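Engineer: Taken from TrEMBL, the feature transmembrane segment applies to 18-39, 51-70, 76-96, 108-128, 140-159, 244-264, 276-296, 308-333.
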Amino acid sequence: MILAIAGRWMHQLLPGGWGKLLGEAVLGMGIGLLIGNAVRLSPRFQPGIQMAFGLILKTSIVLLGARISLQQIAEIGWGVVLLILLLIGLAMGLTRMLAGAAGISPKLGLLIGVGTAICGNTAITVTAPVIEAADEEVSFAIATNTLFGTLAVFAYPLLGRLLGFTDHFFGIWAGTAVNDTSQVVAAGMSYSLAAGELATAVKLTRNALMGFVIVAIGLWFHRDSEAPPCPGGRSGLWLKVKRSVPLFVFGFLAMALLNSFGAFDALSEMTGRNLISDLTGTAKFLILMALVGVGLNTRFDKLRCLGVWPLVIGFAASLTTAVTSFCVLRYVLHV
């Protein structure tokens, strides 16, 4: 917790532009990496570090559901929603294939894919416990996602100006293809206010789909496990779902449904507080604590063993997502 507070304080000291590009979660993980590799930590710290990436992370994921609503999906238009689903499937399929060809962990490839296609570092941290990824895989996936997402903040507006994109086109393009929410906002707002607002709305739609995609990932990743039949001869599908998808994912979906039906708005009126903002703020700090723990438990020598292939895979996924989104928006949806 002390390191998480220090990370938040240091993030607040960054100039405005750098603060948007370098999220506090990335900074917190960096602090953990530096300390964990510079100092030999006493074994008595291990239970706390494991709890950070266990109970604390899972609690934060449940709380994140409070900012998601099904209305976000409906308002953006089904054409764009289908494009988002296409890009999610394409990115995860591509990274999985390239990871297999390069001989690296399929879990790392999948983490890079979900980070590129859904919600950046948040999607990576949510997916990691579902597929039981190693700390080094999480760290490398987050570093890769941050690198190419940061490059996108500069490259997308430049390309948009050179190619003469309208605010409407650029907003949807950036919202569907740039990795992290903060990076989408930065890229969109640097183009124009209208583009930034639309890009943010599209990105929130991607975020709203995260829970459903994580359930699908859990089922797919554990597809070879056998579920015993239910009493009475019924299918064991539900038991397989419970085994493949952790309980905190259902908690995330439950919070999203409560928000969709206005439960948090009603409670906010009763209490005189912005409950969604409070829950989201708590979730972000818990994620910061979790990623500090990931950094403390990650060794640079193990990262070096992963080589350059994860960076190549991240670049391929980012480029493919950008080009596919552009082509579909221009030639299929005629935006």
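Heads up, the Cβ atoms here are built off N, Cα and C, so glycines get one too.
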Engineer: Hey, would you say the transmembrane segment (140-159) packs against the transmembrane segment (108-128), going by three or more CB pairs under 8 A that are 6+ residues apart?
Structural biologist: yes
Engineer: Who are the long-range neighbours of the transmembrane segment (76-96) in its own chain, taking Cβ under 8 Å and residues 6 or more past its ends?
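Structural biologist: Here the qualifying positions are 106, 109-110, 112-114, 116-118, 172, 176-177, 201-202, 205-206, 209, 213, 217, 313, 316-317, 320-321, 324-325, 328-329, 333.
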Engineer: Same chain only, please: residues at least 6 beyond the ends of the transmembrane segment (276-296) with a C-beta under 8 Å from a C-beta of the stretch. Say none if there are none.
Structural biologist: 1, 3-4, 7-8, 24-26, 28-36, 41, 45, 48-53, 56-57, 59-61, 63-64, 66-67, 121-122, 125, 135, 138-139, 142, 255, 259, 264-265, 268
